[in-house]
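Down below is the structure, laid out as structure tokens.
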Amino acid sequence: MSLWPYSTFLLLSLLLTSSNGAFGNNTANDELILQLKRLQRTQQGNSQSCYSQNSRSENGAVILEMKHKDYCSGSSTGDMNRKIQKRLLADDIRVRSIQANIKRIISGKVEALSQTQIPITSGVKLHSLNYIVTVTLGGRNMTVIVDTGSDLTWVQCQPCRLCYNQPEPLFNPSVSPNYQSVACNSGACRSLQSATGNSGLCGNDLKKCNYVVSYGDGSYTKGELGQDHLVLGSTSVNNFVFGCGRNNKGLFGLASGLMGLGKSNLSLISQTFGIFGDVFSYCLPSVEAKSGSLVLGGDTSTFKNSTPISYTKMVPNPQLFSFYFLNLTGTSIGGVAIQDSAFGKSGIIIDSGTVITRLPPTIYKAVKAEFLKQFSGYPLTQGFSILDTCFNLSAYEEVNIPTIKMQFEGAVEMEVDVTGVLYFVKSDASQVCLALASLQYEDEIGIIGNYQQKNTRVIYDIKQSRVGFAKETCNF
């Protein structure tokens, strides 16, 4: 290890960067070098526009450029530190909400809503979601947040009784020649129960189906179901059903709405089954200031993976149908297998919206102990929010870190990218934490977060009920 005190701050999005797209070098099969390079770029040099993003079509698949919303414009060091820290706080609320929603569903406490009842939470915290893409709806470009933990796609609509500010014009159904309201007695309206946890609301006008989706932080969207012409890349989707939000709170100007990639009948994936065959994938870049890709369709020739794709089967869960469950059978740290009886006992959710992976308490305790054993000699510092294993690495140019691998049913293994092992709470590397966290209780369900999915092609093959993993240097 070489020692090198820093005299200037390290920008988070550039801390983990190097030429040729590599951040770490293998020192052995079970250890990686994470390079902490001092860079002279400014945050403004890495600002980017997140609107009207690129897309292309290849071999029947549509490839949409994905960007991280926190890097859509320049920020000062203090601003970026605050964003980094707020992301963890928001992630904590999201996961707590997901767990509460799961318990509610399992207990069977689902009921129809009247106009005056408090909506049931969906378990998602809008402000914690990270990645956005651009689609065309009713002839207008719309930047939407991507979430595998949601089903209903929605955008803000005119006339709007309560809308947050957004950079793009609001969707105006009155000027779209193809827009139609969805009737209250339609199959789409009946599907709202499974898609959102709330049944459709029918007022005096039976030609309209009203919806309500409430999220874990008090954010919500209310409006009517509509259908219109959707364009993904160069592929057209006729009569796409979505939420036309007239009363919305929570995204605070980050996007025009949300794209639901869950498994219910109203999700984008289900509605495009005849085009893309119930298959989609994404690749999240190791540097969040760069672009990744969302691929709709199953042609693997469009991927840039450097290792073969390994598939593990989804675990069926009729009560929690919209979530993507896998069977986590083991974990290793630096080649040392973690022993715990909880492995293989219950499914773990893989999710694009959760940031930090959550493990059952006994598994996390064993993982933490082994990581500290192997990552020794570095000064410890206080934890932050959900992260309790933190170090002061500001005096180091590079550090040796043990590999983290997750094993799934069918002898499938996903190795966490070197940039997904440590989370930089402070951009000067004075507070860098193991990027894993413990659930509160043993009976809660684990979640694989997007921070551990970076530089990995993750394929959701719903038709064959399987999820695939392959290493890939993610870029659009």
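Start at 1 and count along the chain as shown; that gives each residue its number.
Every residue gets a Cβ built from N, Cα and C, even glycine.
According to TrEMBL, the features are:
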- 1-24: signal peptide (SIGNAL)
- 131-470: domain 'Peptidase A1' (DOMAIN)
- D147: active site (ACT_SITE)
- D351: active site (ACT_SITE)
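Recorded residues D351 (active site) and D147 (active site) have their alpha carbons 8 Å apart, per Cα-Cα distance. If you take every residue in the domain 'Peptidase A1' (131-470) and average the pLDDT, you get 92. For D351 (active site), other Cβ atoms within 10 Å of its Cβ number 23.
A simple way to gauge crowding: the CB of D147 (active site) has 24 other CB atoms within 10 angstroms, across all the protein chains here.
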